[in-house]
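The following features are taken from TrEMBL:
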| type | residues | note |
| --- | --- | --- |
| BINDING | B:135, B:166, B:192, B:240 | divalent metal cation binding site |
| BINDING | B:431, B:504, B:581 | Mg(2+) binding site |
| DOMAIN | B:428-572 | domain 'VOC' |
């Protein structure tokens, strides 16, 4: 039975806040990070009792720094310090102490001497019934790789001395987990798990500020864990994540995010093991596309959105049986305008309230989401209405798992009998763009990856008029379902007027120039693109002059990647919070035109100022 | 006459926002950053007209990237791209283009070939009456130092080709400005100025995210500018600062901060030049200490603070002649409780509203502050009241320049006749701790450095319960005036209850143990320190057992540095926003006990929860 633990340093708040959060998220144990204890009025014995009450074991006391020393007197003092910490551990009822490789100028370089000092400390620990897990910090002065740490432990040859393996320290240095197999299983004392993005920076800063929970970064955590387990490790899977955002975000949410990352990790590992027993979590059914995007509107923003959809070639085809919800359709592009959702943003606003995602098995999708700790939303259901399973994404957006057909959600809508618009060539939803709260950007990426089985794409950062903006997209394998998650990297400038950065729904067309002409003729509220943009585009990229002329005429923007190109246009912001995009993907272009976001944002700001 | 310019990339917003901010702050010119133009609906000619209207010249168009190429076809295409940008520059009415050293895989390594290509481009520029300023990016593929850039320019030997010197690119690579003297003055086409903190990170990321205005970082900008001017440079002093905070903060404030940095830089350079003419800005009179700290209170928080001051041994000695302001004194420690200040924080709150700083020439201090763009505050003055000159610091705190004596501000107060308390041994204000708004942390550091002539100390970061906290102190040379400026590094966790992080006033005592005992006896609201803290302290530091026993008894915290040690205690938070600290400095300790801030914050949170 896998035991799951979390270091208190992963979470914000006081030690009391952290314990409550870890217990509520279902963790079995914690690592006690020393500064959390030092700031707590609970004695170690009282902390032990509180943990027991909360169903948590204390799996590690950490860290003990700079144990070894070339100065005998300082080493003797370090041993006295260790004895004091052994007192604390005895009162805590935990038997394992993390000993980091030294970063001090007096760190011992000679492996035999280091082994001797480690063995001496282990001997004292053993006399107290304790043991030491030695870990190579990636920036250790003399020992900075796991194999050097292992060599010291091997030479020390003391039963109370073993290894702590930390995925960050190993993988950040390019260490090879395949080597773990050479370590006897009884020397693998502890395992700490952390993911991280690939960053070009000092490894200490990278480690202290940018670690992530497994599945949120770029490291191969399933491979790492597989190697550790294959080497015979049987202790807890314990998270140790230093992250500036998690340090200040709600610990109750962060703990759930952390638990989800371990569930994802265990499942990912199981998938790699042929013949593994099926896990407790139902596998993700395939998601095949967007069935609808639902916008919350009110009496002011509703007519504004309806007018825009009409100009975009949509037809108001359905009216919900029991709620003030309109269905608008064009091809397979469907938008719901829902006037029954109470949104906190204020009067006159619109917002993306829900995503309808087409699932091959909606019930199984919902069960999986629940097993992965997604909040399941209650539904009020009228007579003759289809059951819809919905969960809440980290930003509060409702995610519906749907089957679009006569027996599915469309049955909830009565035909309006409205004559079908000839349309403007829009065929489907290409993607939905959701602005994430700052605190939940990485949580959201893992949510969509783990809960929905979508693939995360690379992170893109752009310098936008109100600060840096980060985008990470998630998509299904055949790219019929895409979500673009964005967040302000620091914060959005509060000096500029406006509610949080807008959300958007992007529609696909096979001929964006033709579509744009029809939209203009219909009076759609298209966003003007500066001539300077096209002048620069012509200077940068060799494009067909006719195409550029069409782009100038229609206000189209351009991007390209290795796979193809992207032509797109935006509307103005509607209901203060939502805009639409129309996109044509040519070839295998796989991005979202993020490079053009600053041009859009500047244009949106000008319109806001002009109408303020 | 010095001309001062700023690159539009330094400021947040659209190009319109940036122009307005630069003009309002008194800049003479701008560098047009290409993406700002591309996102603007103004044609280049219209932008030129707008700049002329605003009294701004366009001093540089920037940047042109990756000009040279080992691929002749690509080089030819780059020249065509350059021609299009020459069109833009002609319409803008600017004659200088910034050409960065290439970062592309096809960058030319051979200096003669590079010189040939640069000369070819310069020839085309010259035909249009334009010129190219070549700059080594610190991460350029083949040219990454200013001397390599100069060697290429020297070999090209074209009158329309010169150097752009950028302090960041030169100083981040450890370049030596002394070498500029070897460059003919007519080859120094442009100068870009940026400061930066010393960071161990990838130089590109350092440059793109962490530049600062001169005087805010660790580089020797006066030395750099002096070398450039000594080499004969006569162009504008132009700021080019890429900074994540400034990218999203109010551009009007950032532009004033930027202008102040140039005024400081010019003055600092003048000070190094023996026999230089006196500048337009009066030199800073010496500030000799804190005359008072003024707290804004109301009917709820006022009595709470008054009670606490009484227990701390203060006496209510004076009452203001015309305002509801009380003077409380103990030795030279003075606190004003002002019930007439309307604070936006809400009812029941207290806040540090003003600092009284003792000046050898208050009028000159105020004139200097005004010359350095500090907002001068209006004063209502009653009969027989002293004139007080005050300016607003970036966080809104009022800064009074005072002379404490019968003819100074104390004359505004009528003696209450209250019997003097025997006191608790407090003798003066040691420092005032001010929590800064996130956007103005670096602005505040420069404000106190430039306007008040205080010395900035190093930045300290601590991992606190609600996120990382950064502290930077400023002090006068003899350390009788200290301010500790703190800010949440990302943001303070919004999940935890509470108003913005509290401010504090720290008082000096010569014997903190004796003082603490008197405070306890008087019922002062002292903050309890966990026993775990002292257990760890004993394990870490060899201290006299009697001292540690006293620390445990009195709730004292401890820190030490190379110069000495620091014993201190905190009170509870009063009026939801303010606490007091009592400190004893032993030897030459020069810090603020920041390492203990997490213990204090955790204790404050527990009290808040207990009373919520």
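Even glycines carry a Cβ here, placed using N, Cα and C.
Other residues of the chain with a Cβ within 8 Å of the Cβ centroid of B:135, B:166, B:192, B:240, the divalent metal cation site, are B:98, B:164, B:165, B:167, B:168, B:169, B:190, B:191, B:193, B:194, B:238. For the binding-site residues given as B:135, B:166, B:581, the lowest number of other CB atoms within 10 Å of the residue's CB is seen at B:581. Neighbours of residue B:192 (divalent metal cation binding site), defined as other CB atoms within 10 A of its CB across all chains, total 25. Per DSSP, the secondary structure of the domain 'VOC' (B:428-572) breaks down as 44 helix, 55 strand, 46 coil. Look at residue B:240 (divalent metal cation binding site): DSSP puts it in coil.
Rounded to a whole number, the C-alpha distance linking residue B:166 (divalent metal cation binding site) with residue B:431 (Mg(2+) binding site) is 38 angstrom.
Predicted-model confidence for the domain 'VOC' (B:428-572) is 93, expressed as mean pLDDT. Checking each of the binding-site residues B:135, B:192, B:240 against residue B:431 (Mg(2+) binding site) by C-alpha distance, the shortest gap belongs to B:240. Checked against residue B:581 (Mg(2+) binding site), the binding-site residues B:135, B:192, B:240 differ in C-alpha distance, with B:240 being the nearest. Across the fold, the C-alpha of residue B:240 (divalent metal cation binding site) and the C-alpha of residue B:504 (Mg(2+) binding site) stand 36 Å from each other. Cβ neighbours of residue B:504 (Mg(2+) binding site) (same chain, under 8 Å, six or more residues apart in sequence): B:432, B:433, B:570, B:578, B:579, B:580, B:581.
Highlighted in sequence order, B:430, B:432, B:433, B:484, B:505, B:506, B:507, B:579, B:580, B:583, B:592 have their Cβ within 8 Å of the centre of the Cβ atoms of B:431, B:504, B:581, the residues recorded for Mg(2+), and are not part of that set. In this structure, residue B:135 (divalent metal cation binding site) is part of a beta strand by DSSP.
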